[in-house]
Amino acid sequence: MGTAFAVLLVFVGCCSNVVFLELLVREFPGCGNIVTFAQFVFITLEGFIFETNFGRKKPSIAISNYVIMVAMFFTVSVINNYALNFNIAMPLHMIFRSGSLIANMILGIIILKKRYSASKYLSIALVSAGIFICTIMSAKQVRDVSSDGSVEHGFYAFMRWLIGIAMLTFALLMSARMGIFQETLYKKYGKHSKEALFYNHCLPLPGFLLLSTDIYHHSILFNQSTPVLISTIGVTMPIMWIYLLMNVITQYVCIRGVFILTTECTSLTVTLVVTLRKFISLIFSILYFQNPFTAWHWVGTAVVFVGTLLYTEVWSSVQAALRGSQVKETKAE
């Protein structure tokens, strides 16, 4: 029940979160830092009240371990959002990170000395290939436009794009390493998903002082956005703050589900669930924002679906069930 509930939180929270993030980024492409800061503050306040009982509850896992995890988590969060400043299209940003399937498997083999079946390797390859196809097709539909409305050309734009790709690659490997670190911690100390969620967001808050100028700048821009009347409470708010509020709430639902999953499943399984969520988010984003959905997108969808079935060993389960029913029928005869 816990695993199914966590998967539901991940898909509902994360998919809706992407919509509000895209609404924010379309208006202000460089707003990644204020979005990350708002998410961290919200989750910290919630955890401080309900998880630590206003600081009176001691952590079950040593703080020194959380410091290591936090360093990785903060780095991944900031770099992933800041990469949007470097000509990275939203669909490409969303799905490039899904390469964590391969990164997680490689680091699992190197660090944890894990070995996987041939079907697992094939399924991961299929899922990654399907997402790659959709990413490339989506990236071709996006043109980088500079602030003055002219199309960006030349060496400078290309170098900025390469820097963005390098940032996403680094964050990808760091995220996979963090997943393996979490898995080893939970094996040693037990499952404490809500506690980990709180400390992963509370401890990095001082780091946002380094980004305070950018955060303040975008808060001013948000204040200047179009005001919207919220009829249910009779309050008028700039629309960008509404988008940010909804992004923060849905991000909390999403990440809460991810942290529950980390206590219930292996890091590779968690990565697969998150990857499929990113894939569905891409499809939803394309349909919601009325981007073209080509035949290649359908090819990518089919490849991901086949890879998922292969990973979850659906066919093996069906065959085992059929064999079991045949044995029962034979005994009955």
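We count from 1, first residue shown onward.
Cβ atoms here come from the backbone N, Cα and C positions, even for glycine.
Which of 6-24, 158-176 counts as transmembrane segment depends on TrEMBL, and there it is 158-176. Distant neighbours of the transmembrane segment (197-216): 30, 33-34, 36-37, 39-41, 43-44, 47-48, 51-52, 59, 63, 66-67, 69-70, 73-74, 77-78, 255-256, 259; these residues of the same chain sit at least 6 beyond its ends, with a Cβ under 8 Å from one of its Cβ atoms. Note on the transmembrane segment (228-246): residues 16, 20, 23-24, 27-28, 34-35, 38, 221-222 of its chain, located 6 or more positions outside it, place their CB under 8 angstroms from a CB of the stretch.
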